[in-house]
Structure formats: C-alpha cells, structure tokens
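S.K.: What Swiss-Prot records for this protein is below:
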- Cys65-Cys87: disulfide bond (DISULFID)
- Cys68-Cys76: disulfide bond (DISULFID)
- Asn36: N-linked glycosylation site (CARBOHYD)
- 1-27: signal peptide (SIGNAL)
Amino acid sequence: MEYKKRVDALVFFSLLLLGYFAAHAHGNGHVTDDVNVSAPAEEGILREKRAQCAQGFLPCKDNKCYCCIGGRTHDCYYTMAQCSHACF
C-alpha cells in the first residue's frame with residue numbers, strides 16, 4: 001500500500017512538472033516586440049537598471065544631443081525630456 005502512494009505521488013509531481021515546462025515553453029513563444037509593446041515587467045527592469053538618457057559628444061548630429069541608451073529606443077532627441085519620454 002505504501003509503495004502505491006509513492007508511485008501516485010511520483011506520477012502526480014511528474015505531470016505537474018511537465019505541465020509547468022509546457023506552459024513555460026508556450027510562454028517563451030509569445031513575442032510582443034512585433035507590435036512594439038513591452039511587457040510591464042520588462043519595462044520596469046529597463047527603467048530601474050539599464051535605460052538612461054545621455055548627452056552625446058558635441059557637436060551633436062542634427063542638434064539631437066540626448067540619446068537613449070538601453071531603453072525602448074536607441075534614437076537621439078533634441079531635449080532631455082523628449083529622450084526620457086521615448087526611452088522609458
């Protein structure tokens with residue numbers, strides 16, 4: 001009787017683990033970049049850790065001196081406010 005409970009538990013946890021990996025693999029196939037929409041978690045990470053607006057070297061190309069680094073875009077802008085709005 002004890003052996004049957006262990007086998008049942010092993011089968012249950014194996015199926016649970018298989019379901020987890022199947023759901024995880026299915027979630028990795030879902031890409032939101034095709035429509036230029038970032039996931040909220042990704043946006044929060046970019047805002048806190050990597051994204052920043054930096055002033056480029058003078059003279060700036062087309063007077064766009066503030067460049068987004070590591071954010072949603074990698075473009076340069078006329079003002080820091082424009083850069084921050086586009087980058088974060």
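Here the Cβ of each residue, glycine as well, is placed from N, Cα and C on the backbone.
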S.K.: Using C-alpha atoms only, work out the spacing between Cys76 (disulfide bond) and Cys65 (disulfide bond) and round it to an integer in Å.
M.R.: 6
S.K.: Any same-chain residues 6+ apart from Cys87 (disulfide bond) with CB under 8 Å of its CB? Would you list them in sequence order, or say none?
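M.R.: Long-range Cβ contacts: Ala51, Gln52, Cys53, Cys68, Ile69, Gly71, Arg72, Thr73.
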S.K.: For Cys65 (disulfide bond), which residues in the same chain are close in space, meaning a Cβ under 8 Å from its Cβ, but six or more apart along the sequence?
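M.R.: When sequence neighbours closer than 6 are ignored, Cys65 (disulfide bond) has Gln55, Gly56, Leu58, Cys76, Tyr78 within Cβ distance under 8 Å.
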S.K.: If H, G and I count as helix, E and B as strand, and all else as coil, what does DSSP give for Cys68 (disulfide bond)?
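M.R.: DSSP assigns Cys68 (disulfide bond) to strand.
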